[in-house]
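J.: Structure in structure tokens, see below.
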């Protein structure tokens, strides 16, 4: 993927707060199920904004930094997801979302970002991303010193 969409920490907080507004009223939720690892940061923000204390994880491995690979369920929460917000950072091809729907058919599946191939699988999201675009998440980047242009 040649195109990149960079999400800063500030943007992630802003987008996730917008997502939280779509999930009101907060008292309808028993808890949040974060899809590890991409959903961990958004889950923390949702937990704060919706004042939800019960946060669990489902660990599904399908990416290795910049490419997809076989999906493995490492850890799962018991139950059908009823009353839970299931949060991931992104729905891309939809493979992870399909698995989550199978595991938690009564949960509310939400993502911060959505690509066209998987957008129909989520109940709510905030940012549309073109299919051929790679997302750089803030936890995958570091702030580094850059020489002034005049020194180059």
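Just so you know, glycine gets a Cβ as well, placed from its N, Cα and C.
Residues or ranges marked as 5-phospho-alpha-D-ribose 1-diphosphate binding site by Swiss-Prot on the basis of sequence analysis: 37, 38, 69, 88, 89, 90, 91, 92, 93, 94, 95, 96. The GMP binding site annotation in Swiss-Prot covers 69, 92, 93, 94, 95, 96, 134, 135, and the record cites sequence analysis as its basis. Residues annotated as Mg(2+) binding site in Swiss-Prot, with sequence analysis given as evidence: 89. Per Swiss-Prot, guanine binding site is recorded for 92, 135. Annotated xanthine binding site per Swiss-Prot: 92, 135, in sequence order.
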J.: Can you give me the Cα-Cα distance between residue 92 (GMP binding site) and residue 37 (5-phospho-alpha-D-ribose 1-diphosphate binding site) in Å, rounded to a whole number?
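T.: One finds 15 Å between the Cα atoms of these residues.
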J.: Taking the Cβ of residue 93 (5-phospho-alpha-D-ribose 1-diphosphate binding site) as the centre, how many other Cβ atoms fall within a 10 Å radius?
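T.: There are 14 such Cβ atoms around residue 93 (5-phospho-alpha-D-ribose 1-diphosphate binding site).
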J.: Reduced to three states, what secondary structure does DSSP give residue 89 (5-phospho-alpha-D-ribose 1-diphosphate binding site)?
T.: strand
J.: Could you state the CA-to-CA distance between residue 94 (GMP binding site) and residue 37 (5-phospho-alpha-D-ribose 1-diphosphate binding site) to the nearest Å?
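T.: On Cα coordinates alone, these residues lie 16 Å apart.
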J.: Where does residue 134 (GMP binding site) sit in DSSP terms: helix, strand, or coil?
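T.: The three-state answer is strand.
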J.: Taking each of the binding-site residues 89, 92, 95 in turn and counting other Cβ atoms within 10 Å of its Cβ, which one has the fewest?
T.: 95
J.: How many Å lie between the Cα of residue 135 (GMP binding site) and the Cα of residue 91 (5-phospho-alpha-D-ribose 1-diphosphate binding site)?
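T.: Between the Cα atoms of residue 135 (GMP binding site) and residue 91 (5-phospho-alpha-D-ribose 1-diphosphate binding site), the distance comes to 11 Å.
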